[in-house]
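Listed in TrEMBL for this protein:
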type: DOMAIN; residues: 4-62; note: domain 'P-type ATPase N-terminal'
type: TRANSMEM; residues: 38-53; note: transmembrane segment
type: TRANSMEM; residues: 59-75; note: transmembrane segment
type: DOMAIN; residues: 96-158; note: domain 'P-type ATPase A'
type: TRANSMEM; residues: 244-267; note: transmembrane segment
type: TRANSMEM; residues: 298-317; note: transmembrane segment
type: BINDING; residues: Asp363, Thr365, Asp781, Asp785; note: Mg(2+) binding site
type: ACT_SITE; residues: Asp363; note: active site, 4-aspartylphosphate intermediate
type: BINDING; residues: Asp363, Lys364, Thr365, Glu463, Phe508, Arg566, Thr646, Gly647, Asp648, Arg754, Lys760, Asn784, Asp785; note: ATP binding site
type: TRANSMEM; residues: 477-499; note: transmembrane segment
type: TRANSMEM; residues: 519-543; note: transmembrane segment
type: DOMAIN; residues: 807-1060; note: domain 'P-type ATPase C-terminal'
type: TRANSMEM; residues: 823-844; note: transmembrane segment
type: TRANSMEM; residues: 871-891; note: transmembrane segment
type: TRANSMEM; residues: 921-943; note: transmembrane segment
type: TRANSMEM; residues: 955-978; note: transmembrane segment
type: TRANSMEM; residues: 990-1014; note: transmembrane segment
type: TRANSMEM; residues: 1020-1045; note: transmembrane segment
Amino acid sequence: IRSEAQFVDNRINSNKKNFCYTIWNFVPKNLFEQFRRIANFYFLIIFLVQLMIDTPTSPVTSGLPLFFVITVTAIKQGYEDWLRHKADNEVNGAPVFVVRSGSLVQTRSKNIRVGDIVRVAKDETFPVDLVLLSSDREDGTCHITTASLDGETNLKTHYSVAETAVCQSVSQLEALQAVVECQQPEADLYRPLGPENLLLRGARLKNTKEIFGVAVYTGMESKMALNYKCKSQKRSAVEKSMNTFLIIYLGILLFEAILSTILKYAWQAEDKWDEPFYNQKTEQERNSSPILKFISDFLAFLVLYNFIIPISLYVTVEMQKFLGSFFIGWDLDLYHEESDQKAQVNTSDLNEELGQVEYVFTDKTGTLTENEMQFRECSINGTKYREVNGKLIPEGMTDDSPDGSTPHLIGDELLFVKAVSLCHTVQISYDQPDCLVGGGDPFSHANGFSSTHMEYYASSPDEKALVEAAKSLHPTLIICFSVLSLYASIHLPFLLFSYPHFLDFLAFTLPLDTNLFNMVIYFSSFNTYVLLSFCYLLFFFILPLSPLYLYPSPSLLLPPLQKGLRTLVVACRHFSPEEYDDVDRRLNAARTALQQREERLQEAFSYIEKDLQLLGATGVEDKLQDKVQETIEALRLAGIKVWVLTGDKHETAVSVSLSCGHFHRTMNILELLQQRSDNECAEQLRILGFVLIGYWRDFIRHLNTVLSEFLIKEDHVIQHGLVVDGASLSLALREHEKLFMEVCKNCSAVLCCRMAPLQKAKVVRLLKTSPEKPITLAIGDGANDVSMIQEAHVGIGIMGKEGRQAVRNSDYAIARFKFLAKLLLVHGHFYYIRIATLVQYFFYKNVCFITPQFLYQFFCLFSQQTLYDSVYLTLYNICFTSLPILIYSLFEQLVHPHVLQNKPGLYRDISKNSLLSFRTFLYWTLLGFCHAFVFFFGSYILMGEDTTLMGNGQMFGNWTFGTLVFTVMVITVTLKLALETHFWTWMNHFVTWGSIAFYFIFSLFYGGIIWPFLHTQDMYFVFVQLLSSGSAWFAIIIIVITCLFPDVVKKVFYRHLQPTSTQKSQVTWGGGAESKNM
């Protein structure tokens, strides 16, 4: 028991808990996160070295780009975090009413404390976990929906604490003196202190005017918040590859610096080079420590070559991600017109990860389905009926045929309709409630009553669909006062039925392994009792039916199930008054038993549920979202495995998996269900392993080689699906994790049902941390999906009908599941190829940039003389070569978006981070070294033999040589990117040719004017002299062609002899589509 001071307030913080910014800690925390990046930390060290010792380049060359990178990144991350804080403030600042000082006081949600009595009105969400004290309903009940928690829109009934149910006024509640004793806050949504009393934060009050409840769990201790998973900032696979490449380049840098330092001292071993006549040492230099001098020289070379580590790579990547993320929000194909919702990007750091997904983990309710049940067909007494335009039409008839009217039902057919109309817990909301309250006759307006004035609310969406469908046969549920009596109109006049017993096995009496819903109805007109029973068809075997009561063919029950419909069997049993008295006595004895209550109830129910007469079956469709089946099939063709993780029961989940195409009709469905011990679970896993992994083949091979070969061939064409429940999963993960993973990986589809929120996250983490390290994506719409969304590499929230917890905690948000296909297959494809090329190109152009600097040291006695002017060093990555690659990374398209959607298999071409593999990285790096050698030695051959290149007989000097190399380099690396570009827009043309033109214009102005603020101006008139030489122009053209021609030949050779699927699609697409999109 905790004191009041130990309880947390009611603030919700959906930001990443280990990465939460405030006004006070933003600067230090953000700097800490940014300097965790290798390049940022490295350039900070280089900048400090330049400040402390005499180096060949100015500290500005490192400090300015570093400051630019840090600032831009901080602004981007600060803006995204501000959006998350804004969303949290809307929740924390929501107005609520609490009982204080004998009256209702309005305050903000964040001010609620444990022990406060809160009033919640109809259609409001619960701001805190509450124990229901009282309701405005006489029976003390209230009805809620948990759409924001688990995506389910069906109604759930909760009950007031018996001792406080009468406290319905503020004065009574203020005088209430009570103590609430409950367990410490825990994340389990399915084991609260009392499921019928506890109202969870995020749920919404329905069909009840108002309720009062006492706050027990607040803020980050509420069950919804405890199911948020603590996590640090996500990092994409591309960023991890970048860090690996940076380490390799850091090794190259250290090698070049150490080699240059050693060669310098080897060269200076001779006195004539150690202290030439034109560069005499000072006395201090002669007496300085050799070790310190070696370190100083090493650091000087480190600074000289430091630009091989491209700091501007990070800022370009950040800008590309931030600007590129707007394309998702702007995509009209991802806009849902009905809800007026467009796709939303909560973090742009993971754009390219959308192109690398290997596993998709999806919720079912509200994600794959609309959670709107629609009645489709039924079978009554051997006759099949189907729903056509809101009417039940016997099979073989049409809606417009003379016999297509609603049939006249008698006998068992009428009893079937009565069962569907009466065996439920549906509640009704009226547009005209005055006729139904205050003791008025509920049937006073019946003759003129329109069913359009009522709205049904049910604890199960199946019930609502069946009751609405029953109206097609004229029964209409008018009013339900309580569980004791019910009025219904079935072929007027009205008949009165009463509930002697209400046996909702699913909700009240038995564990969830039974699937019956029963009700004993008393027909007053006939003085008889009838047990009406519903049962899911998948559990049909528990009904002890005699063949006498079966239809002419039991197969009439199977078609609805084969169609993926939620199929329920309807049965009945007639009781005489004497038999009912015996049933009543057994039930009361079992319910009041102090010991072994559940076992005795089970015995009583088993006694009742026998000799049932089969009346028929119903087929209800859990309405799928639009194009779910096509989306799952597209993901499968793209090489992405789909796992469904749901809290629903087994039969419901399997039904939806069949209807949405997650499970195929021909798929062999394997089950790991209701395992109660480690040994039992291990044995079942071994059996599944024999089936899937092929351990049984060795045994068969010993018996019959021919049979074995036949079975192996057959096994190749069989697809397997696995169904596992939460309890079995817990056992499997405890000691048999490796075997469980082997079984799952050999299944084409996996369905996990009865999953708690944290179990979903454990499954995602299990795949995520497996040896293959696959990229995972989780998608859901409820608060119970938040942990899964946060655990996966990429988290996507569905903008459901109620609640935004999943959306606020996701990386991306879309309105419908069908949008996932384009998000991955198109946007993911584009983002990945763009940023992969960006990363490789940056390393390539920086190798081209620094390698001539290294080669130049062999010709200047390793004196640390720079080849390029310091302005060129600073502007190379910032101005001269930055815009072409940025525009490329925003607009590049290898193939048209329609082709990517129509050919999901193209997604496989970029899977496994193929464009950033070590082989590709090695190619770009070696290409950079080759081009750098051509730049340097091509220019050296032209100028190295004291050749006169000027018309007046003058020769080029040091800075002219360096400028020639730099000019050739800028042109070559820009044209290299042009060769990689497939999708040309006016912006590509503008920045490509504009960058080259800008370099020439800038160099002319920089070297053609004496700038008064510069201490030295070594480049004065150098560029003008270079351009005045025809030989220099000729050299530039020859060197550029020499570099790029082999690359063109390679591309043509590979495209014709070994084309990839993407290149074949480019040929199919043709140039017409490209020109059209330009």
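Backbone N, Cα and C define each Cβ position, glycine as well.
Small disclaimer: the values here were computed from a predicted structure and weren't measured.
Put simply, of the binding-site residues Asp363, Thr365, Asp781, Asp785, the one whose Cα is nearest the Cα of Thr646 (ATP binding site) is Asp363. Using the rule of three or more Cβ pairs under 8 Å, pairs at least 6 apart in sequence, the transmembrane segment (298-317) is not in contact with the transmembrane segment (921-943). Along the domain 'P-type ATPase A' (96-158), the predicted structure has mean pLDDT 84. Within 10 Å (C-alpha to C-alpha) of Lys760 (ATP binding site) lie the following binding-site residues from Asp363, Thr365, Asp781, Asp785: Asp363, Asp785.
Counting residues of the domain 'P-type ATPase A' (96-158) by DSSP class, helix then strand then coil, yields 7 helix, 37 strand, 19 coil.
Listed by sequence, the residues of this chain that lie at least six past the ends of the transmembrane segment (38-53) yet keep a Cβ under 8 A from its Cβ atoms are 59, 61-63, 65-66, 69-70, 243, 246-247, 250, 296, 299-300, 302-303, 306, 309-311, 313-314. Within the same chain, residues 841, 844-845, 848-849, 852, 856, 865-869, 872, 876, 880-881, 884-885, 888, 931-932, 935-936, 938-940, 942-943, 946-949, 992, 995-996, 999, 1003, 1018-1019, 1022-1023, 1025-1026, 1029, 1032, 1035-1036, 1039-1040, 1043-1044, 1047 sit at least 6 positions outside the transmembrane segment (955-978) and bring their C-beta atoms closer than 8 Å to a C-beta of that stretch.
Here the transmembrane segment (823-844) has Cβ contacts under 8 Å with residues 238, 241-242, 245, 249, 310, 312-313, 316-317, 320-321, 324, 327-328, 331, 334, 343, 351-357, 634-635, 638, 640, 777, 796, 812, 814, 885, 888-890, 892-894, 897, 900-901, 904, 906-907, 910, 915-916, 920-921, 924-925, 927-928, 973, 976-977, 980 of the same chain, all six or more residues outside its ends. Cβ neighbour count for Asp781 (Mg(2+) binding site) (all protein chains, 10 Å cutoff from its Cβ): 33. The Cβ of Asp648 (ATP binding site) lies under 8 Å from the Cβ of Lys364, Thr365, Val656, Cys753, Arg754, each of these being in the same chain and 6 or more residues away along the sequence. Listed as Cβ neighbours of the transmembrane segment (59-75) (distance under 8 Å, sequence separation of 6 or more from its ends, same chain) are residues 26-27, 30-31, 34, 40, 43-44, 46-47, 50-51, 303, 306-307, 311-312, 314-315, 318-319, 870, 873-874, 877-878. With respect to Cβ neighbours within 10 Å, the binding-site residues Asp363, Asp785 differ, and Asp363 shows the lowest count. A simple way to gauge crowding: the CB of Thr646 (ATP binding site) has 29 other CB atoms within 10 angstroms, across all the protein chains here. The Cβ neighbour count for Lys760 (ATP binding site), using a 10 Å radius over every protein chain in view, is 31.
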